[in-house]
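Taking it in order: structure first as structure tokens, then the write-up.
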Amino acid sequence: MADVPDNAPEHCPGTASEQAGKSASCQGCPNQVLCASGATKAPDPAIAEIGEKLSTVKHKILVLSGKGGVGKSTFSAHLAHALASDSTKEVALLDVDICGPSIPRIMGLEGEQVHQSGSGWSPVYVDDNLAVMSIGFLLSSPDDAVIWRGPKKNGMIKQFLRDVDWGDLDYLIVDTPPGTSDEHLSIVQYLSSTHVDGAVIITTPQEVSLQDVRKEIRFCQKVKLPIIGVVENMSGFVCPKCKNTSQIFPPTTGGAEKMCADLNLPLLGKVPLDPRIARSCDEGKSFLNDVPDSPAADVYQRIVQRIQDYCSNRLTEEQSTT
């Protein structure tokens, strides 16, 4: 839970709960008197601070999936590269996968470090208009394990949003871990005072992935996070020689296309498997730059255009209502 202190007992009801400081599990907790007073139910002051800090960011996009290994970080990285290919746009990629930060490797920034300035932490730059922040930059080795409970992970996410000198941005892309737990609740809570365009949800065609993705969709609906659309990754393998497509992960229940039709959600696109995508990620390069004429790159570009159109339309609608 996002509102459980580091030193709380095992069955802490949470500082914002009506039972805070009153339940049996609160006996002996050093925070009991404070929680019982009701002071902990006040809004976290960091929410307003983050709202002020990110007021110069035009568009904020979360990349989500209930399932691990479906290509969220790969998609986040290529979305950032594609948006930053327009040199007039300022783009940043924030990695909030605290325990499994793969963005430094995918973006070719492994071994880089974060520097402190008078205005906060300075992100690491891939290009002049593409900034990246990840806990991976704070570890002494990419093999180091981050063994943290929820509250400490939430505190790090708060720091990323509040203490990084993001500057003026056109797009902030947030790459999240799988699931619907601490990190997801924290990012939604901390961004609640800002304009969030919505979430792009990533899946693969098989039902074992779609099951968890439906949970992620329910999460978005419960926390009132708009859904920009769904991307189906690994949607068939296109042979680079003959261009024929084989279904490596068969869509036994209709894949993302049927799920989107059932739930009335936009299907942004279906990205085919291409071994060169994995190679580009391992080498820290942009697949879109390396193989721009591939079927997968073509699908990526069309998905990115749809996301840009969504953000532009949403901004126009908000301006017209104000």
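Cβ atoms here come from the backbone N, Cα and C positions, even for glycine.
Unlike curated entries, TrEMBL annotations are predicted automatically.
From a predicted model like this one, the values you see are computed outputs, not experimental measurements.
Within the set 1-21, 274-294, the record from TrEMBL flags 1-21 under the feature region 'Disordered'.
Mean per-residue pLDDT, taken over the domain 'AAA+ ATPase' (58-229), amounts to 94.
For Lys72 (ATP binding site), the Cβ neighbour count at a 10 Å cut-off comes to 25, with all displayed protein chains included. Considering only the binding-site residues Cys26, Cys35, Cys239, the residue whose Cα is spatially closest to the Cα of Gly71 (ATP binding site) is Cys239. Take the Cα of Lys72 (ATP binding site) and measure to each of the binding-site residues Cys12, Cys26, Cys29, Cys35, Cys242: the nearest one is Cys242.
Take the CB of Cys35 ([4Fe-4S] cluster 1 binding site) and look out to 10 A: across all protein chains shown you find 26 other CB atoms. Cβ neighbour count for Cys29 ([4Fe-4S] cluster 1 binding site) (all protein chains, 10 Å cutoff from its Cβ): 18.
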